Amino acid sequence: MERNTPISAAVCVTDIWKSYGGTPVLKGINIELLAGQVHALLGGNGAGKSTLMKTIAGLVNPDQGSVTINGNALTYASPAAAQALGLYLVPQEAHILPNQSVLENICLGLRAKPRALRDEAEALLRDLSVSLDLDAQAATLEIADRQIVEIMRGLIRKARVLILDEPTSALTPHEANALFDRVRQLQQQGVGIFFISHKLREIREICDVISVLRDGAIVLSGPLTDYDDRQIVAAMTQTAQSTELPTRIARDICFDNRDTVLDVDSFSGEGFRNISFTVRAGEIIGLAGVVGAGRSELAETLFGLRNAKSGDVRLHGNALTKRSPRDCVDAGLVYLPEDRQQNGLFLEASLAWNMSGYTMHRLGFFPKSGPEATAFDAFRTSLGIKCEGRNQEAGRLSGGNQQKVLLAKCLAADPRVLILDEPTRGVDVAARNDIYRLIRDLADKGLGVVLISSDFDEIEQLADRVIVMAHGHQCGELDGNAITVDAIAHLAFESGGHPNA
Amino acid sequence: MLDFFARNRVATLCAVTVLAFLLIGMAAPGYLSLSTASVIMSNSLVLLSVSLGTMLVILTRNIDVSSGSVLGLSAVVLGIMLNNGYGLGSAIAVCLLAGAIAGLINGVLVTILNVPSIIATLGTLGLFRGFMLILTGGNWIEELPQPLKALANNGDIGISILTVVVLMSLVAVWAFSRQTRFGRYFYAVGDNREAARHLGIPVKLVQIAAFVAAGVLAAIAGIIFAAQIGFIPNQAGNGLELKSIAANVLGGVSLLGGSGTVPGIFVGVIFLTSIDSALVFLKIPAFWNDFIAGAVLLLVLLLDGRVRIAVEKAIRAKRYAVHDPAPHPAPGTNPASEKNTRTRAQETGE
């Protein structure tokens, strides 16, 4: 595997074409990654980033063109062949073998026995400054730890080329920083890295070179220092109006006189204790904290997916005692889950059917497709869902559009309180701006919104009031202009005592 | 304790089996003897061999319901060759080959032609049985030569060559699946096929290998069957496919693929077979067999399910208890009413 060549092309992609069912996805892509380079790859949803990376990793067979890894051509699409040439793709959605141990998950497919690689794995974990039980069954891992397993797979293979597809989307800022340190180390060792991210801040932090994809073609490419953020976003989105970088829009509204729509009083359950807050009509409450702070558990308990231990929940002044998802939906409380692939969408069902997910019990014994079609078309225009039609399978949409379909599903239930759990995870800049705009519009219409996010920028931009949670406790509240990324981070990391900090 | 049984389905089943043996031994003196053990062992051989093959297929998240017919077909191939004067060695070789080819057909249907395994093997269940009947012309194969029957004779210590062969296959499959890299692939492919593909594992080859191995093991079962009863009826192996799946489930093999062990299969099969012999000792009419076997199977699975749920609950409570007290002494975050056990749980939890 070790090759002591001078700085040379680690990956060379020449004139790749690929189309799915007549729709071209990649239109003659040429891209080069040098050894020791961190190459940022940006693009909107459906721009072709994933297809391009899958082609390089041997998961997709291109119609035309060639891929060369470390000087050897990848002659046929096979992940095994690509890995043999020293490349590993760390996918955005971690692939986990639930019944195997973490160690086996990491070492699977390698020649050496897992036992022999144990020390090495432990050393790598220390470098990443994460604690992960190598003997735990992988099924018990949280989404962030699954991502760590994927990253570990790439590292332990001593790959000369790594593709990191939004590696930080599930990590805490602390873990993300440790990952970046590791990336810099690898870069020193001459490893070439493709880094896919939607966060310009991250890209600025560790990348040297940037390429922007739009509609299957590279529209901007060169050293990162040559471009400012505005140019990059403009290249991605093309249209001028959405190039505005998201900023905090202060909505100086006094909510004191508004109706209280959701009242949570000393609420305890699995993973959180003694949480109290209120949401007023039209207010966006940010629920900030790091992964594992108990926010998703709180949301799932509110929505009746988990059993509560004690405490009261009132919706519009009426006690919500019997909580099941269906009761909550009917009462006007709707939850947008964190993991859209697992809990949000019916990936193989049509978009219209997905939209009706929360309202199926209202459709009658013989659901009629007419009203459903009208409703879907309305959401399609209002939310800007890019799709072939309402009968398309949800799994074939890009991340941002899937998220919009999920939002349509929530809105179809006509909620009065909406709990959004990480609504922009794995969503590109343009779609993210769309979603931000939608959330503000909804609040303007009088909806109470609870926004759960680990992205403190996002909270800063959207929330009217912020509740910070750490280790299952409510550890602070910020209001109005006091809402800054620093203030949130201070509360989230320090008051609870972060285990790794 | 509870934890141990939840992690070890095999241990649960072992405990239940031992308990059952003791109870039956008390009710029917003379049951607990070496000769009973020898009878149970030789009665288990056919099912053991078939179940072992079925396990390999189930591990890769497929299912094989054609094994009963593969058994019949390969036994008939063996019988025809022997009765036409071929030697025992060559007849056994061709019989095993027939099983391998049958398995290969299943494997190709499932992996290359992308037929779901339940449908593909349901089809070949009929196909192989039909082919067997065509070969025999619908007649039983009788008067098998003595050398074949001799294989089933128990030696001085009550163990036949067939027993040795089956035990050796058990050990071989166990070593293969636990110790070799290719063996681990079986688990990986069944656990998450997409992940296995991403990691460069030859997913299709692994699945085909599982089907071929299942075919060969069903053929071995066919040889045992023919040697033990000395003739081959048309319905040889009928219904064994479901019995072997039951033994797999009983032995803790997940039908969703990716988990299961050879010792589990062994205990599962012994348990199922010992029910039959116990009923004889308890002087219960033979027509009760299926009813009791079914009831016991359900009972064990229910028990196992309850234990699992209890343990899962305990794990959940422990996992979320981590968040209850503040992990580091932080001022004013928490009342000081925590128990020591909690604090310890949180330390190990992190």
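Placed from the backbone N, Cα and C atoms, the Cβ positions cover glycine too.
Keep in mind that what you see is a predicted model, and the values were worked out from it rather than measured.
As annotated in TrEMBL, transmembrane segment covers the listed stretch B:117-137 rather than the other ranges in B:117-137, B:306-326. Among the listed stretches B:65-82, B:88-110, B:205-229, the one sharing the most Cβ pairs under 8 Å with the transmembrane segment (B:117-137) is B:65-82. Across the candidate stretches B:37-58, B:65-82, B:88-110, B:249-272, B:284-303, the maximum count of CB pairs under 8 A to the transmembrane segment (B:205-229) is reached by B:88-110. Residues 62, 64, 66, 70, 73-75, 77-78, 81-82, 116-117, 120-121, 123-124, 128, 145, 147-148, 207-220, 222-223 of the same chain lie 6+ residues outside the transmembrane segment (B:88-110) yet bring a C-beta within less than 8 angstroms of a C-beta in it.
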